[in-house]
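The structure appears below as structure tokens.
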Amino acid sequence: MRCTVFGTGYLGTTHAICMAELGHHVLGVDTDPGKITKLSSGQLPFYEPDLEPLLRRNLAVGRLHFTTSYPDAAQFADLHILTVGTPSAADGHTADLTDLYAVANQLAALIERPAVILGKSTVPAGTAARLAAHLREQSPTCDFELAWNPEFLREGHALQDALRPDRIVLGVDMERTLGRSRAEQQARHLYADQLKAGVPLVVTNLETAELAKMAANAYLATKISFINAISDLCEGVGADVRALADILGHDPRIGRFGLDAGIGFGGGCLPKDLRALAKQAGELGAVDAAMLLREVEQINLHRRVRVVDLARQACGGSLRAAHVAVLGAAFKAESDDVRDSPALHVSAAIQQHGAFVTVYDPKALDNARQSYPTLTFATTITHACENADVVLVLTEWEQFAALNPDELTRLVRNRSIIDGRSSLDSTRWREAGWAYRAPGIPKTCDQLSP
Ligand code: UDX
């Protein structure tokens, strides 16, 4: 089938490529001509493992195209997917729906045949119903059904998550469609392969679909803050948070994901969606939800302070004029995304305490330089670590876990390492004579480690 994808950010680009990979004819649309030129020539505007070959393959076979032309897009298909960004507004809490409304308005004004508009962007519950009412008023002759189909994909695993998701969620306007939703029919065609492969489809009302995405992200954030809060207890009693996480994670009712303690969560989704949900909960008078979600955020921010404290202790009580090597800038491994990156937030805080901070990351240096121009960046681990008083590992890249402590010993001034991601082998570092510190891992408990 044919579909358009409006907004070629991370979500839209991934989705456009994956829908083409499933055999559909896809037109990606964006107002940024630079992005469209890049994508049309087979280059991804961001790093995501294994995605670029799929982009090239689908361009080559003619199933995937990109354009800046809204009229062409409105003509191209009768299924239009909206994947525009919904960043935090200037208040830092509310979701900014400006782009979503702008795209939907322009599209609705151009639609000439009955069409389905499928929203994928993460939005506060109630957005779809309000947007549909707004479009009906603005473009009264436009025959459309608006449905919501949130996306749960993770950066670094986008391909797998988009091609074989855990579930497909579709929110439809139950009252208007009365069991005969065009959007549901179209979605069943679009995702036919996945449904055939057994991926569950949950069809529900618009609000449930919208809230489900926010709630899923808030739940994952809660889980991460939970283990981080427990990690303080671990240090207090002499327990090891890594073994504890494995023990909890073996319980299928709990599951292992989200139990890696350390510097906390960041990125373009979890923090912003958590804040937006807390804000909405407050507005609705859902006081318990608002309180819980705000606490989850506070715990997360406190993790960053905790790692700065560990660095200060490692430098003998003051960071002034200390040389600090930071390994990692991306908000997580296998990504070049630095939005709300705990690694860069901590680096900047340490710099503010008077330290000389040098940051290395295998993929995110360009983005990091743009966001934090006052930090110093190194293009190799060696350069970052030269004469360091302390080395901080703040993104869980595999190449950091594979580092040889003896090789690093020759470079640094002090053998002191802080593992902000619990991703190194503490025994190996300690045996090589390094002072190894990590949240939730007591100074002397290597024998407890898994
Ligand atoms: C998240 C959701 O997982 C995904 O379903 C949604 O569609 C978008 O938001 P993503 O932001 O790509 O995906 O990353 P995720 O893997 O969830 O990690 C988020 C943050 O939490 C990262 O900073 C990561 O390093 C951190 N994290 C994750 C932990 O601190 N501990 C963990 O155990 C897991």
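The backbone N, Cα and C atoms fix where each Cβ goes, and this holds for glycine too.
Of the residues proposed, Lys196, Lys213, Lys223, Lys443, the one TrEMBL records at the same substrate site as Phe152, Leu153, Arg154, Glu155, Gly266, Lys332 is Lys213. TrEMBL annotates Asp30, Lys35, Thr86, Thr122, Glu155, Lys272 as NAD(+)-binding residues; of Arg320, Arg339, Arg369, the candidate listed for that same site is Arg339. Comparing C-alpha positions, Arg339 (NAD(+) binding site) sits nearest to Arg154 among the binding-site residues Phe152, Arg154, Lys213. Candidates Phe152, Lys213, Gly266, Cys269 (recorded positions) were compared with Asp30 (NAD(+) binding site); none lies inside 10 Å Cα-Cα. It is 27 Å from the Cα atom of Lys213 (substrate binding site) to that of Lys35 (NAD(+) binding site). Checking the binding-site residues Lys35, Thr86, Thr122, Lys213, Lys272 against ligand 1, not one has its Cβ under 6 Å from it. The NAD(+)-binding residues named in the record, Asp30, Lys35, Thr86, Thr122, Glu155, Lys272, Arg339, extend over a maximum Cα to Cα distance of 24 Å. Looking only at other Cβ atoms within 10 Å, the busiest spot among the binding-site residues Lys213, Lys332, Arg339 turns out to be Lys213.
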